[in-house]
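Peer 1: A single structure is presented below for examination.
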Amino acid sequence: MSELDQLRQEAEQLKNQIRDARKACADATLSXITTNIDPVGRIQMRTRRTLRGHLAKIYAMHWGTDSRLLVSASQDGKLIIWDSYTTNKVHAIPLRSSWVMTCAYAPSGNYVACGGLDNICSIYNLKTREGNVRVSRELAGHTGYLSCCRFLNDNQIVTSSEDTTCALWDIETGQQTTTFTGHTGDVMSLSLAPDTRLFVSGACDASAKLWDVREGMCRQTFTGHESDINAICFFPNGNAFATGSDDATCRLFDLRADQELMTYSHDNIICGITSVSFSKSGRLLLAGYDDFNCNVWDALKADRAGVLAGHDNRVSCLGVTDDGMAVATGSWDSFLKIWN
């Protein structure tokens with residue numbers, strides 16, 4: 001037996017030990033504890049706005065912290081900043097590469113970022129003296145496509161990539177200050193904790209990992225999905241997070257319990273999940289699916305509480321505003337819809 005086989009066997013044994021230890025700690029289930037809580041009832045949301053302007057599939061969107069402006073990225077090679085109240089376009093930014101897969105709005109509202117198959121995270125300054133939008137930095141260093149990016153502040157951004165790593169960048173210098181390694185498949189999505197000291201990532205190795213931004217360490221690894229994790233989102237209090245996967249389930253993982261608490265699935269749902277987001281309270285989990293719908297789940301009871309149907313193609317991205325008053329969905333049908 002080769003040394004490699006021995007190590008593989010050892011790793012399997014350790015994994016089983018961890019699984020048993022987690023089982024021993026699981027003295028209760030979330031569904032048992034929440035039996036006395038009233039169900040949320042039927043959630044019916046209406047389309048309040050449709051944002052028309054992109055000419056091709058929308059791949060990503062992100063709300064600004066003002067809960068009014070949002071940025072969207074499409075394969076028409078444009079980044080559009082929208083005013084969701086009026087549906088006006090505040091900026092339409094032509095991109096150097098049209099193969100964009102992610103976009104992000106800085107908390108300050110001064111910058112937006114995007115990236116994709118060019119392996120570069122491009123930072124755009126929205127508040128230049130001349131009033132035009134221009135590239136302020138191009139962050140190159142990943143050796144695979146950029147799948148997700150999120151600003152910590154105006155000078156720091158975290159990115160995830162197909163090259164199996166995440167990275168923290170100093171935007172001023174254009175350098176990676178920390179590289180987060182440990183995944184064994186494309187990293188598809190990341191989500192910052194409310195205090196921005198931690199972030200979680202979901203990958204094609206079917207695992208989610210919790211990282212310490214400052215130390216560059218992987219704190220915890222969460223398994224359970226049976227296929228690629230496409231989407232990940234922190235619970236509003238920062239103690240848990242949800243994932244969406246190609247295995248047609250969403251799952252809730254708890255950082256303190258170090259394990260999965262809940263699975264959100266239905267026999268009728270057989271397609272993958274592209275995006276997940278929590279309501280402001282965390283009671284509702286919204287998930288976008290390949291079957292053109294967005295399902296609303298009762299996060300505590302795992303019941304389907306509603307569905308947002310209105311797109312004519314895959315729902316590729318969604319986001320809830322910081323004030324919790326609206327949700328936006330973006331789709332391959334080239335439209336964004338605002339619901340509440």
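A Cβ is built for glycine as well, from the same backbone N, Cα and C atoms used for every other residue.
Annotations per Swiss-Prot:
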MOD_RES   Ser2  N-acetylserine
MOD_RES   Ser2  phosphoserine
MOD_RES   His266  phosphohistidine
REPEAT    46-94  repeat 'WD 1'
REPEAT    95-140  repeat 'WD 2'
REPEAT    141-181  repeat 'WD 3'
REPEAT    182-223  repeat 'WD 4'
REPEAT    224-267  repeat 'WD 5'
REPEAT    268-309  repeat 'WD 6'
REPEAT    310-340  repeat 'WD 7'
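Show me how these features fit into the shown structure, please.
Peer 2: A simple way to gauge crowding: the CB of Ser2 (N-acetylserine) has 7 other CB atoms within 10 angstroms, across all the protein chains here.
Long-range Cβ neighbours of His266 (phosphohistidine) (same chain, at least 6 residues apart, Cβ-Cβ under 8 Å): Arg304.
Long-range contacts of the repeat 'WD 3' (141-181) within the same chain: residues 99, 101-108, 110-111, 113-121, 123, 187-192, 196, 199, 201, 203, 209, 211, 213, 216, 218, each at least 6 residues beyond the stretch ends and with a Cβ under 8 Å from a Cβ of the stretch.
Confidence annotation: the repeat 'WD 4' (182-223) carries a mean pLDDT of 97 in the model.
Here the repeat 'WD 6' (268-309) has Cβ contacts under 8 Å with residues 30-31, 34, 37, 39-45, 227-228, 230-237, 242-250, 252, 262, 315-320, 322-324, 327, 329, 331, 337, 339 of the same chain, all six or more residues outside its ends.
Sorting the repeat 'WD 7' (310-340) by DSSP state (H, G, I as helix; E, B as strand; all else coil) yields 0 helix, 15 strand, 16 coil.
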Peer 1: Would you kindly list the residues that approach the repeat 'WD 7' (310-340) from elsewhere in its chain, counting only those six or more residues past its ends and only Cβ-Cβ distances under 8 Å?
Peer 2: 45-52, 54-63, 65-67, 70, 72, 74, 76, 82, 84, 274-281, 286-294
Peer 1: Should anything in the same chain at least six residues away from the repeat 'WD 5' (224-267) have a Cβ under 8 Å from its Cβ atoms, list it; otherwise answer none.
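Peer 2: Apart from its flanks, the repeat 'WD 5' (224-267) reaches 22, 25-26, 29-31, 185-186, 188-195, 198, 200-204, 206-208, 210, 273-278, 280-282, 285, 287-288, 297, 299, 302, 304.
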